[in-house]
Amino acid sequence: MMNRWFPSFLIVLCMLLLSYGCSGSGGSARRVVKDCLDCHAEYQTMLQHDCLHDPLKGGTCNGCHRNHGLLGGVYLNTAENELCFKCHQQITSTAEDAVVHQPVAKGNCAPCHDPHGGSNDALLVKSGRDLCITCHDESLFSGRVRHQPVDQSCGTCHAPHFSMHPNRLTQEESAQCLTCHDNKAQIKQHHSGYQVTTGCSSCHTVHSSNREGLLRPSIHQPILEGDCSGCHVSSQNPSPFDLVRHDADLCLGCHDALQQDMAHESSHQPVKDGDCFSCHNPHASDHDNLLTQAPETLCFQCHDREKKQTSQHPAYSTGQCLGCHTPHRSPTNQPALLRAPLNSLCASCHEQGQQNMRVSHAPVSDTACDTCHAPHGSTQPSLLVEPQQELCLDCHETMREPLARLNLHAPAATNDCSGCHQPHGSNNRNLLEKRGAALCATCHEETEEMRLHGPTHSPFKQGQCQTCHDPHASNYAGLTVKDTNAICFDCHQDLVNDKKVHQHSPFAQGNCTTCHHPHGSGYVANLKQALPDLCLSCHDVDHYWATGVAHEPARQGQCTACHNVHQSDRPHLLTMDVDRLCQQCHEESPQQLAVHHGGIAPGGDRCLSCHDSHGGQDRSLTFPIKHQPFVEKNCQACHQGGTH
C-alpha cells in the first residue's frame, strides 16, 4: 500500500518546495504593477487643467487605451472613428436629411477636441472662432462690418456636430435671425415699410461684409434706393410681397434692351425662356451682376463638365466661360454665344496662331480653329479633337499610303507631325519649322556637326537631305527614297553607262555603302576606312604581312594601283593586263628575267602563276606549295625551251 502512494507523495512535496522558493521574501524578485503616469509623466501637468476628459479625471485610462507594457504606442481599444461614439452617441445622427459636420461624419474628433484635457470648454483645442478658421476661410469673417456672433461664438448660430437645418444652423434660418433681431418696428423701418420675416440671407451676409447692414457685395439697384415697390405691390397690400408683374415681364420693366435678345434665335436658352432667375438673384448676391453663384460654377449647373480629359482650355478649367461666351446673346450673332468670330476670338489670346506668315495652315486662314481643336477640353494634348496624326490624315489623305511603309521616321512613328511642321503657320514651305538641314539638325545634332565641319558628300554638304531621304517613311533602310544603288547612280551615272564584265561584289549588288559613307568621311572618296584597312575587311590577303614579306604597294594601301574599285574588263578587277601591270614597277628585259628564273624568261602574263601579288613567305613572294623541280631550280626537267 505504502509503495503505491509513495511516488505521488514525492511529486506533491516537490511542488510545495518549488512554490515556497518562488514566493520567498528578501532578495527574491517581485512583479511590480505600474500606474500609467509612472511612464507617461508628461500627463501629470494635464491633470491641472480645468477641463478634463472623464476617463482621465477618474484615472481610468483603459476606458480608451489598452495596456501595452514596454512597447510604446497609443493602442486604442477600438478604431478612432468608433471610439468616441461609444460614449458620445448624441453627437451624430443617422437621419438621411441631417447635416453632419465633416469631421464628425468621418469620425475624426481630434482636429477639434483634445482627447485628454485642456483649458477650453468641451476639450476644444482652440477657443471660439480661432478653432473654426483652422478649416474655414478666414476671409469670410474679415469684412469691415462683422456679425456680432462672429466675434463671440460660432455656436450662437451653428450646431458643432450636426443639425437638421442647412449649414448646421441650430434652427430654421428665419427663426434663427429673429432670435436676436426681434424688433418688428425696426425691421419694418429698415425695409421701406415691408414687414420682412423670412429670407434674410438673400440680402444680408451672415458673417461679415464691407457694406453697412451686412448687405451683400452686389445689390439690386431698387434695394439700394429703398424702392421695393418697383417690383412688389404696396406694403399696405394684404399680400405685400406679391410681384407687380410676373417672370421676365418684371425684369423688362427696367432692362428693356433684353426684349430683342429674348426674341432672337441665337440667344441663351434662359433668355429666350424669360427665366432670369435661373442665373440672377432678384435682391442681392456675393457675385457681380447678382449672379446666383460664382461664374466658375454657375454655367456648369446646366452644362456638364467633362472630367476625364488630358487637356482643358484654361478658361474652361477655371470656369471663365464669359471670356469667350456672352451670357445673353452674341453681339455679332455668332454660334454658341461667342463674343466674336471664332478665329479672331482665339487670336485675342493665342496670337501665335494668327501671325502673318508666308504659309498659313488652311484651317487658320479659313477661321476654323475648331477643325483641329476642341473649345473646352480633350483627351488629347493641346485640345486636339483626335490623336494628332489621325487628325492630320483627315485632310492629308495622300499620306496614309506612305505611313504604311516598312520604316517610319521617328516623328511619324510617334504620331508627332508637329515635331517638324508648324500647325498654324510658317515662313517655310509645307509649314516646316525650319528649312532644309537646319530642321533635320534639331534631332540629328551629331550629323549636323559633321555636315558643317567635316569633309562631306556634296548633297549632304549642301543640306539636300531629301535628295536621298524621305522625310516620312520608306520601304528601304535609312528612310532612303529608293534602293541605295539607284540613289547613287542618279548622280554617278558614268558608273552604269559603261558596264564591264567583272564587277566588285558590293558594286554589283548595289551596296555602295559597304565601302562609302553616304554623308562623308575623312578619307578619299568618302570611304569608310583608309586603304588597305577597308579592303582587308572583306579580302583576307594580309596573312603573310606579319610573319612573311608583304608586297609593298599592297601593304601601303595602294590597292587602286592594280585594281579598279568598281568594275573592270579583266579578272580580279585589274586596271590592265598582268604583263603590263607588273612591268609598271618591275621594268626588266627578258634577259634580266631569265637570270632570276633559272635561265628561262617567263611569259609576261605568267607572273601570277608563281607569285602572290599581295605577299609571301619570303622575298620571292612565291606561293607556299611548290613543284619539287621548281624548288630545286631544275626548270629544264620540264621546260626544254628558253621560255615558259
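Note: Cβ is positioned from N, Cα and C throughout, glycine not excepted.
A TrEMBL annotation is a machine prediction, not a hand-curated record.
Cβ atoms under 8 Å from those of the domain 'Doubled CXXCH motif' (53-90) belong to residues 36, 43, 46-47, 106-110, 114-117, 123 of the same chain, restricted to positions at least 6 beyond its ends. Summarising the annotation, TrEMBL assigns domain 'Doubled CXXCH motif' to 53-90 (among others).
Here TrEMBL flags 101-138 (among others) as domain 'Doubled CXXCH motif'. Residue counts of the domain 'Doubled CXXCH motif' (101-138) by helix, strand and coil are 13 helix, 4 strand, 21 coil (DSSP-based).
Within its own chain, the domain 'Doubled CXXCH motif' (147-185) has Cβ neighbours under 8 Å at 91-93, 95, 97-101, 104, 112, 128-129, 132, 141, 195, 197-201, 205-208, 214, counting only residues six or more beyond its boundaries. TrEMBL lists 147-185 (among others) with the feature domain 'Doubled CXXCH motif'.
The domain 'Doubled CXXCH motif' annotation in TrEMBL covers 220-258 (among others). Across the domain 'Doubled CXXCH motif' (220-258), the prediction's mean pLDDT works out to 92.
Taken from TrEMBL, the feature domain 'Doubled CXXCH motif' applies to 268-307 (among others). For the domain 'Doubled CXXCH motif' (268-307), the residues of the chain that approach it from at least six positions outside its boundaries are 202-205, 215-220, 223, 231, 247-249, 251, 258, 261-262, 318-322, 326-329, 337, 376-377, judged by C-beta separation under 8 angstroms.
The domain 'Doubled CXXCH motif' annotation in TrEMBL covers 313-353 (among others). Helix first, then strand, then coil: DSSP counts for the domain 'Doubled CXXCH motif' (313-353) stand at 19 helix, 2 strand, 20 coil.
Residues annotated as domain 'Doubled CXXCH motif' in TrEMBL: 361-400 (among others). Residues 306, 308-313, 316-317, 324, 336, 341-344, 346, 353-354, 412, 415-418, 422-425, 431, 472 of the same chain lie 6+ residues outside the domain 'Doubled CXXCH motif' (361-400) yet bring a C-beta within less than 8 angstroms of a C-beta in it.
Summarising the annotation, TrEMBL assigns domain 'Doubled CXXCH motif' to 409-448 (among others).
Marked as domain 'Doubled CXXCH motif' by TrEMBL: 457-495 (among others).
Per TrEMBL, domain 'Doubled CXXCH motif' is recorded for 504-541 (among others).
The domain 'Doubled CXXCH motif' annotation in TrEMBL covers 551-588 (among others).
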DSSP residue counts for the domain 'Doubled CXXCH motif' (147-185), split into helix, strand and coil: 21 helix, 4 strand, 14 coil
By Cβ distance under 8 Å, which residues at least 6 away from the ends of the domain 'Doubled CXXCH motif' (551-588) in the same chain are close to it? 495, 499-504, 507-508, 515, 530-533, 535, 541-542, 545, 596, 603-605, 607-608, 612-615, 621
With DSSP, how much of the domain 'Doubled CXXCH motif' (504-541) is helix, how much strand and how much coil, in residues? 14 helix, 2 strand, 22 coil
Could you tell me what the rest of the chain brings near the domain 'Doubled CXXCH motif' (504-541), counting residues at least six beyond its ends with Cβ under 8 Å? 447, 450-451, 454-457, 460-461, 468, 478, 483-486, 488, 495, 554-560, 564-567, 573, 614-615
Give the nonlocal contacts of the domain 'Doubled CXXCH motif' (220-258) in its own chain as ranges (CB under 8 Å, at least six residues past its ends). 191-195, 203, 271, 274-276, 281-284, 290, 328
With DSSP as the yardstick, break the domain 'Doubled CXXCH motif' (268-307) down into helix, strand and coil residue counts. 17 helix, 4 strand, 19 coil
Which residues of the same chain, at least 6 past either end of the domain 'Doubled CXXCH motif' (409-448), have a Cβ under 8 Å from a Cβ in it? 352-355, 357-361, 364, 372, 387-390, 392, 403, 463-465, 470-473, 479, 519
